[in-house]
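Participant: One structure follows; several queries about it will come next.
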Amino acid sequence: MTRNARPNIVLLMADDLGVGDLCCYGNNSVSTPNIDRLASEGVRLTQHLAAASMCTPSRAAFLTGRYPIRSGMVSAYNLNRAFTWLGGSGGLPTNETTFAKLLQHRGYRTGLIGKWHLGLSCASRNDHCYHPLNHGFHYFYGVPFGLLSDCQASKTPELHRWLRIKLWISTVALALVPFLLLIPKFARWFSVPWKVIFVFALLAFLFFTSWYSSYGFTRRWNCILMRNHEIIQQPMKEEKVASLMLKEALAFIERYKREPFLLFFSFLHVHTPLISKKKFVGRSKYGRYGDNVEEMDWMVGKILDALDQERLANHTLVYFTSDNGGHLEPLDGAVQLGGWNGIYKGGKGMGGWEGGIRVPGIFRWPSVLEAGRVINEPTSLMDIYPTLSYIGGGILSQDRVIDGQNLMPLLEGRASHSDHEFLFHYCGVYLHTVRWHQKDCATVWKAHYVTPKFYPEGTGACYGSGICSCSGDVTYHDPPLLFDISRDPSEALPLNPDNEPLFDSVIKKMEAAIREHRRTLTPVPQQFSVFNTIWKPWLQPCCGTFPFCGCDKEDDILPMAP
């Protein structure tokens, strides 16, 4: 690759796509010809790993090249591991540098079409401190939150009954505190500052509004379509969003075809509620989920066709992936609505099991990368940041730890061994698993210190709660569960000192790596604190009259870019 080439860059990220859902990764029941075409014309990674098994922390790591614990984009609570309210005050800190910001500074036109889910506002409704336009994107068209079942009035809300119960219990407990404090104050037993009473009363009110709004306002408040800083649909028309996003992406490519551009197309597919166009309904052999996968593949094809029509294909790096593994728990009666993770154990929300973090990884750049290559080395979504920095002709900043590695030597065939020696797999703030890729051989060891408890037992998922816990209802392993992933990728045969002579030395090496890794961590504000994640009326984006927000400006505005 010539460093002054500055290719166009198109990043395609699916939402909750299982690595086993694509034909090029072994699926024979769903048709994905366009993604398969990318794989046959490019390089396919078979051990490509998300930095987290949940969307928000995974996307934060993807954009910054850093473990999400470094930016505070992880939760210490099982209740909130991704943002549940658009009117919260947490988000990707503005002092984090995204690859979009790097490329923007190097002359690229940058656009994000689709899902964001990394926060919106800090202190007031319109400050938009976490907005994509404050993280290096010139243009944004999409959903600042995400697509949930709540966005369809006819579907069961994803704010589950157990969450509502916890919100109600918290409301009652917090409401009792100021009441109990008023008794000694008025009885003059001892003095209680009014400020303390007010704080507890305010918290009780916020928890109450979160509980109350979960019964009817979530669609109106969370399901919003924006162009740059403007709300254009509230609530969004979920059945039309995919078509609108595709139209915007094609317009972006056409507008900037004569200058280097970065287009990050962040699909709403294949997250539940699996909304597909009529022409795709019933098309696949795998029900509603398969229909949604096939519609996503069709959209990929339209983007590739646009690059071909504009004669940009040879000068464009195209990358396809997913933010995490398939979600196993969503059900419609007895029918599973989530994806398939192939031979890999576990799924979305499970900190260390392969099924939650092993994702597709496909790169196509016809003028640079050899077609049809397959790479089995451990790689990470965090690698995109340093890779794009290299491609864009820049040098990585030295003022922070970057956990990703430049993939170009591996992709071009100039290197045969991944630069990742250790990878750390977190579940929220808790380190669950460590992966060690030995420098002198192809062996990849994986040690689980914590694993989730499946319910019902033996099902391989957490159907009782909708998603597995990071702490509390988990199993701690001492010594850890050890697997040789290079020989046992399904994690079916745990090793022990009796059947693996290197067991003790491998564990010792990993524990030394954990200590070294933890020395590189510095305290940062936690974006998933209780205060940051609860709903705040003064932060709620609203087009129209609050709280009955609503508008539809989409028909009045044509696709555009700055």
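Glycine residues also receive a Cβ, built from the backbone N, Cα and C atoms like all the rest.
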Participant: For the Ca(2+) site that Swiss-Prot lists with Asp15, Asp16, Asp323, Asn324, give the additional residue from the candidates Cys24, Cys55, Cys223.
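Facilitator: Same Ca(2+) site in Swiss-Prot: Cys55.
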Participant: According to Swiss-Prot, Lys115, His271 bind substrate; which of Lys348, Lys439, Lys446, Lys453 is also listed for that site?
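Facilitator: Site partner of Lys115, His271 for substrate, according to Swiss-Prot: Lys348.
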Participant: For Cys55 (Ca(2+) binding site) and His271 (substrate binding site), determine the Cα separation and express it in whole Å.
Facilitator: 10
Participant: Quick check on the binding-site residues Asp15, Asp16, Asp323: which one has the highest count of other Cβ atoms within 10 Å of its Cβ?
Facilitator: Asp323
Participant: By a Cβ-Cβ criterion of under 8 Å, what residues six or more beyond either terminus of the transmembrane segment (167-187) are in contact with it?
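Facilitator: Sequence-remote neighbours of the transmembrane segment (167-187) are 196-198, 200-201, 203-204, 207-208, 210-211, 214.
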Participant: Within 10 angstroms of the C-beta of Asn324 (Ca(2+) binding site), what count of other C-beta atoms is obtained when all protein chains are considered?
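Facilitator: Result for Asn324 (Ca(2+) binding site): 31 neighbouring Cβ atoms inside 10 Å.
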Participant: Cα-Cα, whole number of Å: His117 (active site) versus Asp15 (Ca(2+) binding site)?
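Facilitator: For His117 (active site) versus Asp15 (Ca(2+) binding site), the Cα atoms are 11 Å apart.
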